[in-house]
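Feature list (source: Swiss-Prot):
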type	residues	note
SIGNAL	1-18	signal peptide
REGION	19-467	region 'Catalytic'
ACT_SITE	231	active site, nucleophile
ACT_SITE	236	active site, proton donor
CARBOHYD	289	N-linked glycosylation site
REGION	454-492	region 'Disordered'
COMPBIAS	456-465	compositional bias 'Gly residues'
REGION	468-489	region 'Linker'
COMPBIAS	473-489	compositional bias 'Low complexity'
DOMAIN	489-525	domain 'CBM1'
DISULFID	497-514	disulfide bond
DISULFID	508-524	disulfide bond
């Protein structure tokens with residue numbers, strides 16, 4: 001947490017029974033609009049807002065302005081135990097621009113890396129899209145697609161401008177945990193597949209037991225408990241490298257873990273927890289194409305990028321494929337093809353993940369935690385959208401943009417980006433690139449094909465690199481396309497059966513019909 005101290009106003013306390021919310025600084029969520037689309041390609045603007053994660057907020061006594069947490073340490077005279085700390089301390093409202101470097105404009109969100117405020121220096125931020133004042137906006141991604149624009153031109157080696165989904169409670173844990181009185185309005189309830197133990201309040205209690213300040217982060221530490229849930233990394237990136245990664249968990253929603261049994265980054269036993277901390281990642285550089293993503297490359301990171309991610313069902317209605325493509329300069333750019341022998345393809349499937357783990361010699365915790373099918377269960381349920389900017393005190397972000405492990409050069413899968421292995425040291429990045437920022441904008445969500453219906457050059461995602469005319473936009477479902485039966489393979493229920501550039505089966509197994517959703521995507525329904 002990046003602490004701030006404001007010592008002039010009187011606290012306005014919401015409750016005196018548990019983890020509190022105070023208002024020495026009035027909480028005003030910055031507005032951020034997004035678009036909800038229908039199968040016909042019609043999109044409706046949703047006027048929404050964002051909130052800041054509670055871990056970044058000023059935590060002080062409910063009776064005044066004395067810090068409960070300063071630097072990376074708790075005040076044990078106030079916080080004698082987990083429950084009394086939650087009772088005596090509150091998280092406060094945020095001055096989004098001046099303290100945290102967070103600004104919005106219409107459908108655009110900018111997150112600045114380092115912000116020097118009147119009382120503190122803030123590093124990084126984590127924000128959530130809201131549905132009203134007191135709930136997070138949730139998305140059910142399975143069978144749908146999610147699209148956004150991003151500008152990573154101003155974030156380099158060692159930084160991560162991330163957009164992802166986690167299975168956290170829509171109310172921030174307010175209804176499940178009586179000790180939590182702050183809720184989603186104040187950014188509570190975070191969890192992810194690393195089962196992070198640096199969260200200050202978990203399940204409505206302070207994570208004070210066993211808390212140890214970090215040796216290389218003056219603002220963070222780790223406690224006895226962690227908080228776990230399924231995670232779908234749509235976008236982890238800087239201007240040198242990018243990856244998208246599903247992380248299944250055997251327990252989908254938020255759950256608390258203890259000590260090394262949490263697994264993940266914060267524990268000595270990385271794979272001991274209920275979640276897969278590694279996931280099954282698609283990083284174009286790691287998959288052999290070193291000229292696809294970067295400055296002046298096929299996907300040019302000096303310009304704004306439109307990122308489209310589709311979550312396609314298989315014949316059984318489970319998650320079958322995660323497909324990615326890009327739009328830039330008015331044309332579709334299919335995701336790069338993997339050139340690793342035995343790991344061909346440009347999308348994530350169960351078979352692709354199986355082959356990648358073997359080719360790279362990685363521990364296959366992905367399958368241990370349920371693989372694509374288990375990830376699909378999370379995607380079928382409500383997930384919360386997270387947008388953040390951060391540096392990495394554990395491994396200098398080398399796992400994203402350099403060679404990792406650093407002594408594994410030449411080993412299949414070790415080279416993930418062109419950044420030097422000496423890059424990404426947080427103290428250096430914070431000193432040398434404080435004005436770095438990432439901009440997310442033009443968020444769109446809806447059925448397959450709906451979010452790109454109006455985009456110039458939007459063809460079949462991942463199958464056609466040309467520039468076909470934009471699809472026809474209608475307000476009703478397109479008529480079913482019927483074909484004459486003939487020999488050959490047939491697509492199962494939910495599978496793709498047609499579209500611009502599609503080369504697979506165009507007939508469906510009985511009794512399903514190949515139904516045109518738009519010019520570039522037909523599906524067996």
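Note that Cβ sites are derived from N, Cα and C of the backbone, with glycine treated the same way.
Mapped onto this structure are the features recorded in Swiss-Prot.
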| residue | record | DSSP (3 states) |
| --- | --- | --- |
| 231 | active site, nucleophile | strand |
| 236 | active site, proton donor | strand |
| 289 | N-linked glycosylation site | coil |
| 497 | disulfide bond | strand |
| 508 | disulfide bond | strand |
| 514 | disulfide bond | strand |
| 524 | disulfide bond | strand |
Those recorded positions, out of 236, 497, 514, that come within 10 angstroms of residue 508 (disulfide bond) at the Cα: 497, 514
Neighbourhood of residue 497 (disulfide bond), C-beta criterion under 8 angstroms, separation at least six: 491, 504, 505, 506, 507, 508, 514, 522, 523, 524
Fewest-neighbour residue among active-site residues, criterion Cβ within 10 Å, set 231, 236: 236
Integer Å distance between the CA atoms belonging to residue 289 (N-linked glycosylation site) and residue 236 (active site, proton donor): 17
Count of other CB atoms lying within 10 Å of the CB belonging to residue 524 (disulfide bond): 22
Among 508, 514, the one of these disulfide-bonded residues whose Cβ has the fewest neighbouring Cβ atoms within 10 Å: 514
Distance [Cα-Cα, Å, rounded] between the residue listed as 'N-linked glycosylation site' and residue 231 (active site, nucleophile): 26
Cβ neighbour count (within 10 Å, all chains shown) around residue 289 (N-linked glycosylation site): 19
